[in-house]
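Novice: Sharing the features that Swiss-Prot gives for it:
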DOMAIN    38-75  domain 'LRRNT'
REGION    312-334  region 'Disordered'
REPEAT    76-97  repeat 'LRR 1'
REPEAT    124-145  repeat 'LRR 3'
REPEAT    148-169  repeat 'LRR 4'
REPEAT    172-194  repeat 'LRR 5'
TOPO_DOM  31-265  topological domain 'Extracellular'
TOPO_DOM  287-334  topological domain 'Cytoplasmic'
Amino acid sequence: MRGSFFSRLPPQLSLLLLLLLLLSWRRVWTQEHIGTDPSKSPVAPVCPEACSCSPGGKANCSALALPAVPAGLSWQVRSLLLDRNRVSTLPPGAFADAGALLYLVLRENRLRSVHARAFWGLGVLQRLDLSSNQLETLSPGTFTPLRALSFLSLAGNRLALLEPSILGPLPLLRVLSLQDNSLSALEAGLLNSLPALDVLRLHGNPWACSCALRPLCTWLRKHPRPTSETETLLCVSPKLQTLNLLTDFPDNAFKQCTQSLAARDLAVVYALGPASFLASLAICLALGSVLTACGARRRRRRTTVRHLIRRQPDPEGPASLEDVGSPTTTAIQA
């Protein structure tokens with residue numbers, strides 16, 4: 001019966017029906033061996049102990065008083081919530097087992113130390129929240145592996161210095177939150193390494209009205225902000241003890257500031273410095289040798305002249321042989 005039915009159909013349609021039958025049999029076999037438990041479903045991620053996971057790759061580990069990043073993370077995890085815990089340190093490769101993470105929240109922990117290789121392996125991470133922690137410093141290259149990052153929050157920490165090498169080139173970063181830290185200025189190359197940056201949150205920092213603010217003021221003029229935000233961006237003048245709006249400084253206000261050397265210029269200085277020192281030392285040694293030789297030559301001339309003067313006879317002649325004390329006198333006396 002089945003053979004007669006398939007024989008009446010076109011060959012293409014017969015192959016399509018056979019393919020559908022094979023797919024249906026595979027689905028029945030999967031349900032029999034795996035079951036309907038969502039924890040065993042390939043859609044649900046492998047869940048760390050004490051955390052709750054849901055289909056779609058979300059792992060919720062919030063407010064569990066965890067002292068460290070939980071073990072048991074997998075590549076199925078797309079979103080990891082670790083906020084409101086007691087994680088104080090991020091070691092190297094802390095999230096290496098969750099390389100498919102897109103969203104990572106570490107807000108309101110007790111973070112004081114983040115290793116420079118803590119985020120290695122998170123090349124597709126898009127959002128990272130490190131706000132409301134106790135970070136005072138960050139190592140160079142900490143965020144360099146996060147090439148796909150578009151949102152980064154460092155708000156509510158104790159950062160006093162943020163060098164360009166810490167962030168590294170983040171070509172897709174659009175939002176950077178730095179509010180409520182201890183920043184007084186931003187390094188010149190920091191904003192240049194973030195070409196896609198559109199939102200920069202800065203309020204709540206003790207900005208100092210100095211030449212170091214020139215890169216930041218230039219960026220703010222090129223990226224107008226809402227009035228409510230710009231009104232809170234104030235800097236303190238150390239000499240006058242007054243508050244000024246960051247947006248009130250035109251570019252000519254920094255004309256008295258000396259332009260700092262670029263990295264390329266510094267490299268040239270560092271390269272030529274030892275060479276120029278060695279060249280100066282060689283010149284000094286050469287001049288010293290020449291002067292020493294000239295002095296020795298003058299001394300030899302003076303010595304020769306003195307010997308010649310002593311050997312010349314007296315033009316008046318000796319008064320007697322006794323005065324001269326010649327060998328002849330000595331022989332006669334003998």
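Placement of Cβ uses the backbone N, Cα and C atoms for every residue, glycine included.
For each listed feature, how buried is it and what is near it?
Specialist: For the repeat 'LRR 1' (76-97), same-chain residues at least 6 beyond its ends with a Cβ under 8 Å from one of its own Cβ atoms are 44-46, 53, 56-69, 103-122, 129.
Counting residues of the repeat 'LRR 3' (124-145) by DSSP class, helix then strand then coil, yields 0 helix, 3 strand, 19 coil.
Secondary structure counts, DSSP: the repeat 'LRR 4' (148-169) has 4 helix, 3 strand, 15 coil.
Nonlocal intrachain contacts for the repeat 'LRR 5' (172-194), taken as residues 6+ away from its ends with a CB within less than 8 angstroms of a stretch CB, comprise 131, 147-164, 200-208, 210, 212-216, 219, 260, 263.
Model confidence over the topological domain 'Cytoplasmic' (287-334) is summarised by a mean pLDDT of 60.
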Novice: Could you tell me what the rest of the chain brings near the repeat 'LRR 3' (124-145), counting residues at least six beyond its ends with Cβ under 8 Å?
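Specialist: Here the qualifying positions are 83, 99-112, 114-116, 118, 151-163, 165-170, 177.
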